[in-house]
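One structure is given below, encoded as structure tokens.
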Amino acid sequence: MTENYGSMEHRKKSFRNNENLEQQFHPLREELDNAGPINDRTSELSLEGVSKAEAIASTWSKRSIIVAYLGLYLLSFASSLEQQTTYSLQRYATSNFSAHSNLATINLVGNILLAVVRAPMVKAADVFGRSESLSLALGMTVLGYLSLAFSRNIQMFTVAYILYICGQTGLGLLSQLIIADTSSLLNRGILSAIPELPYLATVWIGPVLAQAFHPEKNYGWRLGYGIWAFILPTVSLPLLASLFLNQRKAKAAGLYREHHNLINHSTPEKLRLFYLFWQELDGLGIVLFVSGFTLLLLPFSHSSQVVSPDSTILTLFTITLSIALLVTLCFYDVKYARYPVFALKSLKDRTILGSCVLIFTYFMSYYIFSNFLTSFLQVSYGLSIDMSSLTLNVFVFSMTTTAILSGFLMKRFGRFKMLLMISVPMYVLGILGIILFGINDNHYTRPLVLVLILAGMGGGLLTLSAQIAVQSVSSHAKLGMNLTLYLTFSSVGGAFGSAIAGGVWSKRLSSRLLHDLKDHLPVPEIESIFRDLRTALSYPQGTQIRNIINVAYTATEKDLFHISLVASLFMFAGLVIIRDVPLSTENHDTAVETPSE
């Protein structure tokens, strides 16, 4: 075993010879004491959790860590295949409930919950352990699959989707935390790409698998969701077994003690610990965040509703209230929250601020054009379910490939900003190319595929480089909070993008269809074309009705790309702010090298 991990026997004796366990993690204790204001400190529970993670990391052998990383890859492969499959099913599930235009609203709510669930997941991982939190996330995901499969209306489907998103987010976040626990900063760019590797294959397999389920039929899309409730728990067993075994090994060696194990405490103490945990989750902050952003974004995503004086007043009141709630959130979290849900003070660091601005605008731009892209391809271009998804997935494939490449480039040159300086112009040029060449009257897919590849390459270089930028200025104790803040900005950006997409799609597509088809079809049939993708596809290509539908879909999707281009220009603001921090194994004061026997 390497010197980085230290001798197990030496650690065992050291822990036994000291009555106070926390003395073994003096750097973390010193950081806590010198943190300054109380709401900028690392909590006692989190401090103990980080100490526990480091103690467990010291027990990894070469064999056990290989098993863990293989298990991590297997879980990532199954998760990515599921995502690529169910993405195509989603628009048919909503169409089954006559709510195809609600796609953006569902993604909007999902992105808001994405931003919120990360903080509790990180806190749970710090307090209770990586293994326990991974099991919780897995359980939520499985329950989400089953709820989606058996949903009876769009409301039940949305609630089930939220549960599913929470679980999937937990799995992804905990995978990154496990990698961070067992790697140095210099190697983390490469290792962080492990969960992304499966996308190189699943982007091609998923759409074909989705087509095989026949999602246009009611039972087809339900089966496509439900089957994963059995697959995912099975493939997660190697990773979970490896984590629990090494946790047991560390505890048996006396490398840590669980001061906050609820089983060993009386009822009053359990209640006190539950209150402490709730306080650390910043429950009030979460309520303010969810209510504020939901009230702000939902009116925009439903802009197709009939405008009346009453609805206008209600919308203005809703937006005003949401802004007040968000201002209150910022003031409360900065001034009064003992352990704020979002580490807003970290934004004082220009590298973290710039990375957050960059990832916010990137995800906003992406979600603006991507929400309805495959629907547009199926209608206007006449592509099948699998071919439309495969066309979009060339973006995902190129993004994943360049993200992996960026890890090796950061390892080779020890820099991340040069990659950001290349990625942002590349992505913007890709979006511009889609507008100029990708969407054409001849419905050729080759130009669209080429410019999607260019945009995806820019996105891949950007996402991982910006994430490493945040980690490069974060200590181990602050890593989870700062990473959560960064990912929150990505989710909020996605929520804004979905809100804009939903509003533009609902308002402009519905008005175009009504204006162009009112002399050919009754209003209820026009509404059905708008709400149900299957109705739009039921009209044969080449007929007058289908041509009108195609023109309306094309014009609306092109509008979304124009807005996406404008949003992407703001990425340059974040790029300018970020410092060029050199990467090395010393950046991270508690980084741990991969062990070897």
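Any Cβ shown, glycine's included, is placed from N, Cα and C.
Per Swiss-Prot, the annotated phosphoserine among residues Ser46, Ser266, Ser511 corresponds to Ser46. The transmembrane segment (281-301) and the transmembrane segment (131-151) are not in contact, since fewer than 3 Cβ pairs between them lie under 8 Å (pairs 6 or more apart in sequence). Remote same-chain residues near the transmembrane segment (419-439) are listed as 358, 362, 365, 369, 406, 409-410, 447-448, 450-462, 465-466, 469, 554, 557-558, 561-562, 564-565, 568-569, 571-572, 575, 578 (criterion: CB distance under 8 Å, separation of at least six residues from the stretch ends).
Among 312-332, 390-410, 485-505, 558-578, 390-410 has the largest number of CB pairs under 8 A with the transmembrane segment (190-210). Annotation: stretch 97-117 has the most Cβ pairs under 8 Å to the transmembrane segment (357-377), among 97-117, 131-151, 159-179. At the 8 Å Cβ threshold, with sequence separation of at least 6, the transmembrane segment (225-245) comes into contact with the transmembrane segment (131-151) through 3 or more pairs.
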